[in-house]
Number of protein chains: 2
Amino acid sequence: MAKKQKVQRPKAQTPKGFRDYFGAEVAQRTEMLRVIAGVYHRYGFEALESAAVETVEALGKFLPDVDRPNEGVFAWQEEDEKGSGDWLALRYDLTAPLARVFAQHRNDLPTPYRRYAMGPVWRNEKPGPGRFRQFYQCDADTVGSGSVAADAEICAMLADTLEAVGIERGDYVVRINNRKVLNGVLEVMGLSDEAQRADVLRTIDKFDKVGEAGVRELLGKGRLDASGAYIDGVGLSSAQAEPVIAFLTSKAEDTAGTLDNLAAAVGDSATGAEGVAELRSMADLLEAGGYGPDRIVIDPSVVRGLGYYTGPVFEAELTFEITDDKGRPRSFGSVAGGGRYDDLVKRFTGQEVPATGVSIGVDRLLAALHMKGRLSTDTTGPVVVTVMDRDRMADYQGIVSELRQAGIRSEVYLGNPKNFGNQLKYADQRGSPIAIIQGADEVAKGTLQIKDLILGAKLAETATHEEWKERPSQFEIPRTDLVARIRQLLDEQGQ
Amino acid sequence: MAKKQKVQRPKAQTPKGFRDYFGAEVAQRTEMLRVIAGVYHRYGFEALESAAVETVEALGKFLPDVDRPNEGVFAWQEEDEKGSGDWLALRYDLTAPLARVFAQHRNDLPTPYRRYAMGPVWRNEKPGPGRFRQFYQCDADTVGSGSVAADAEICAMLADTLEAVGIERGDYVVRINNRKVLNGVLEVMGLSDEAQRADVLRTIDKFDKVGEAGVRELLGKGRLDASGAYIDGVGLSSAQAEPVIAFLTSKAEDTAGTLDNLAAAVGDSATGAEGVAELRSMADLLEAGGYGPDRIVIDPSVVRGLGYYTGPVFEAELTFEITDDKGRPRSFGSVAGGGRYDDLVKRFTGQEVPATGVSIGVDRLLAALHMKGRLSTDTTGPVVVTVMDRDRMADYQGIVSELRQAGIRSEVYLGNPKNFGNQLKYADQRGSPIAIIQGADEVAKGTLQIKDLILGAKLAETATHEEWKERPSQFEIPRTDLVARIRQLLDEQGQ
């Protein structure tokens, strides 16, 4: 006889950096996206769903924060008759596909084209704790309008969206800045070196953390940070750094004051003045729509990393406090961001097509809602009809059909019914509020036993042995009262 | 000066076999999936969302209808520190990932585990007309129950689901068969050759098309088909073919009759008898739940192509007539199918884990609902506030904010406002019901012009020149009546 070969079993494992989402996690995200889509629709935006797969050529290299952009995507080469074909890749965001869609369908789409899109995107990056290689984005963009009214509209919609999903007014702020103002500041500083400009932008981004004095140090010789490490400075003289400081500290009591300070900070730069004028227009439009600085505010410290932004940039921050890993209080932080990018469609068509949009970090926003207790936690399991007698499955099926037709979430226990304890353990694991029991005695009497599992769990924690033995959490009802009594008990339980 | 290089522009094109979905198409699918999830949830199923990406090893080779299973998926090799790592692939269905998920998380999941999943799957196949390489599936499965009560439950849920999305009772039927009955028939025929068994199964699948006489020919010497081509037969003798014919023609007036005929067809095969007993149990359970043969029926002609089915198989067919490409009437056909597959999890764990489930063809079901006029066609565009005076954007923004806060879908025209005709053309392209116009005259009077675009379109088709000139589709209202009058007009339009 031949030797038996050892069976090689596949590993049951998600690939590195991917995860599974179960039950309430999925339902809560779906519900949140439904609410967001409702707001976007009300604003006149149309849904768009493009495929997960694009040609590498169409996607381009716009991945943020990646030094080697080719390595940021999952890509493979098509095999066709001739051997090898196009390189394909999974999309890494929803903006690059939008640019492709608009260029491809521009003759059939209205201009301006307001669209929203929601779905997973993929990044071929080193996974880390809480950092996954597939995650959701939820975007809205207006393509084909150069008007800052389009940017203002996106900001207003972002505020409305946050309130619609359950972030209260006062718990968020949409902060607006303008790349042209930043460029104006760099211009009056006489900085033309790209690397040095990037260093200054990175420093500005740290203003929230290190404050004015810290930024002064970082723009100059450098700075000893909290951990004791020395951070090299940009190497500017104190005079050279002054416009940046003026810019960063330009936030005043009111919008008019901030705009005046910004105008001063950009000096005689035409680009800077254009940026300030755009911010002024946006503030006016938002004010007219009823969106005051309690919700949307001009804030010079907003930078946004992506290189493709060309005008207004914005960011939604949740301002309520949470406790960080080390137990220190800090504000929750950014959940959405975006801005104007006028060159993405041009890649395809050669013609300039202005565009602006926002992307919501779906998982961050869900986490925030979770912390605020604003997620509808319908995690109640089904009513479980237990199986006392394997031969009477049809009767149990009849019970559960009646409940389901009455809209009550319910099921028959479908495991091996031999051990009744396992059935109750299953109901417990499912978070079931009620178990229904019908043995031969109950059949003879035309009744059912109802077990209130929620009361039962409470009793198990607090009741004395005597109370427990009385089992007041279990009672008998006429079979004919099934739907009415179950509904009543669910109501009492607050389900 | 250096010569200017010719700019190489990327092609704005979806990869072959992929497509974009716009507006109502996306919204209708989302809504249908929401309704289906509601039914699944009521039946006690929990949502699961696994990643699009799995290891090739975990996916296995279960692709249906593909001779070279490796070529049916989009796959690529990970690059890690050592150079090359795991092969990854996009999932080709939702069942293979479920088997992996259950094997991976089985200690934390309840057993039986009822789960539903909805999302895109990918097939690396040659695309054709109406055949795409990314499409949606919507599955429900029960893992860890060997009871046919689990299969019966899935069939009942499938019937409820079809009615919930808008397929009327009488317009669908869920047909049930059992692989064990089929195997019993093959057993009594003395067929042990795998290839020949597969040929017989394929022939059974054609029963609906070619009828009893056709199947007899195909099981024997062969058959001249309608196009004049000769189809080779399986080569069985007339006597050998008899059990198949008995099996196929076993459908009787009622379920009891069908079951008796099937029992006769499987003769003394123990496997066959087991299959018939399972069908009988399912029929009893369904009857007890109120699902009679007008909705769920035992039908021996159901085969289902997939090799991994081991017991009950089922299929939902829409029975209403449509007209095919050549103008001939035919029934709409299958929109969902599934069955019991007891070996998929075993691949990972070595232990047998019984499972059963169904997959709904989302796009087919959407197409059916579209034909029946059952898709909520909220394709109405937004109310468009036109821009007569570029400097008064803030006022227009105020108008649109008021409308949106009242829940009315609306927007300001954000294109270049110079040409007013373009603004109306845009409103037309968006399917807008109403345009709002406010020029200097109206500002002075504190009014707005309201243009009823739906009446306007009707007039344009039928009105005389005189009627047209009176322009009754446009009228003036006080600015203060904005929300009330727009809402009234939308109601009148039936929006």
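In case you wondered, yes, glycine gets a Cβ from its N, Cα and C as well.
Because TrEMBL annotations are produced automatically, they should be read as predictions rather than curated entries.
In the record from TrEMBL, residues B:Asp93, B:Leu94, B:Thr95, B:Gln137, B:Asp141, B:Arg304, B:Tyr308, B:Tyr309 bind L-histidine; the candidate from B:Arg106, B:Arg123, B:Arg328 listed for the same site is B:Arg123. Applying an 8 A CB threshold to same-chain residues 6+ apart, the list for B:Gln137 (L-histidine binding site) reads B:Asp93, B:Leu94, B:Ala117, B:Met118, B:Gly119, B:Pro120, B:Val121, B:Ser359, B:Ile360, B:Gly361, B:Val362. On the 0 to 100 pLDDT scale, the model's mean across the domain 'Aminoacyl-transfer RNA synthetases class-II family profile' (B:1-382) is 89. According to DSSP, B:Tyr309 (L-histidine binding site) sits in a coil region rather than a helix or strand.
For B:Arg304 (L-histidine binding site), the same-chain residues that are 6 or more apart in sequence and have a Cβ closer than 8 Å to its Cβ are B:Asn177, B:Val313, B:Glu315, B:Gly337, B:Gly338, B:Gly339. Pairwise Cα distances among B:Asp93, B:Leu94, B:Thr95, B:Arg123, B:Gln137, B:Asp141, B:Arg304, B:Tyr308, B:Tyr309, which the record gives as the binders of L-histidine, peak at 21 Å.
Within 10 Å of the C-beta of B:Tyr309 (L-histidine binding site) we count 23 further C-beta atoms, all protein chains included. Mapped onto three states, the DSSP output places B:Gln137 (L-histidine binding site) in strand.
Packing around B:Thr95 (L-histidine binding site) is summarised by its Cβ count: 23 other Cβ atoms lie within 10 angstroms of its Cβ, all protein chains included.
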